[in-house]
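Here is the structure we will look at, set down as structure tokens.
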Amino acid sequence: MIERSEEEHPIRRIQEDHHHLCDISIKTDKGKHAQKQAATWKEVTVSLTAGAVAGATAKTVIAPLDRTKILFQTSDMHFSPRKALNLISKVYHNEGIIALWRGNSATMARIIPYAAIQYASHEQYKSLLNPTKAPSLQPIPRFLAGSLAGVTASTLTYPLDCVRARMAVTNRESHKSMSSIIRITFRQEGLVSFYRGYLPTVLGVIPYGGISFFIFETFKKRHRELTGKSHPTPSYNMAFGAVAGLVGQSASYPLDVVRRRMQTAGLTKYTYDTIVNTAREIYHEGGVVRGLYKGLSMNWVKGPIAVGVSFTTYELARRFLQQRVLHDDVG
């Protein structure tokens, strides 16, 4: 019995060593998985933060033009650059310079989460649509990543966009704050009013987000191929973003006009609650150019500035945060 026991000891020892090695392997795999998850979350946090900063900066810069555009879109006034300047002057003299940024608090409440979600989800969609980890996406996935990012951000923040539009077309006496607009709108029109115009928004953001990110990413790719540099300078990013914004907003502009009419229906004379009826009424008022594309020339000023500033700020903020957050972790 003793001899048999001595013979079994080496076998047991081998089995124990095998189990021990398996445990080490499992723990190592778990450790690598945990590290990968932590790195992913840090990348997401960096993208969220950089996106929030980019969105807030861009919208604050063009807020007076944005409010003027909404006032034209939601009325039957014919648009011209001179009339736009006169309207800005009228608002300034009647309500003060701060009134030009009226609705910007609601804009910030919406654009900070919107831009954060849009940029962060764009990074995630790029990763999902690039399983081979190629240096850049193919054209169709590149367009899809931008479209999906826009739809995701719009869906999650749409009620805030509706409130922002309502603040822009009301005066301070009747609606003193963002909270008062939310309260009055909910009491008079119900919860569904916060989602009025959602469908044209999504239909518009698909080409807008897709085209904007597609053009910007394509320019970055081409710049990398021509110069060998992985990151364009801020001036190049501004130019790339300006072109992306100009083309993207021009392609989706009629749906933006329809969206604004539907969002502010309870505060204006317009009561149409479908895309087709709203578009038909706008067309009957001013046709294609002065109706569905009313205010587009202002967007050709506002849009490139906003998108250029947004993309440039995002790239700078993201690289800064990556160096601080990710580099510190490595160190």
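Numbering starts at 1 and runs along the chain as it is shown here.
Including glycine, each Cβ sits where the backbone N, Cα and C put it.
For 42-128 (among others), the entry in TrEMBL reads repeat 'Solcar'.
Model confidence over the repeat 'Solcar' (137-222) is summarised by a mean pLDDT of 87. Taken from TrEMBL, the feature repeat 'Solcar' covers 137-222 (among others).
Residues or ranges marked as transmembrane segment in TrEMBL: 197-216.
With DSSP states grouped into helix (H, G, I), strand (E, B) and coil, the repeat 'Solcar' (232-320) comes out at 72 helix, 0 strand, 17 coil. TrEMBL lists 232-320 (among others) with the feature repeat 'Solcar'.
According to DSSP, the repeat 'Solcar' (42-128) comprises 76 helix, 0 strand, 11 coil.
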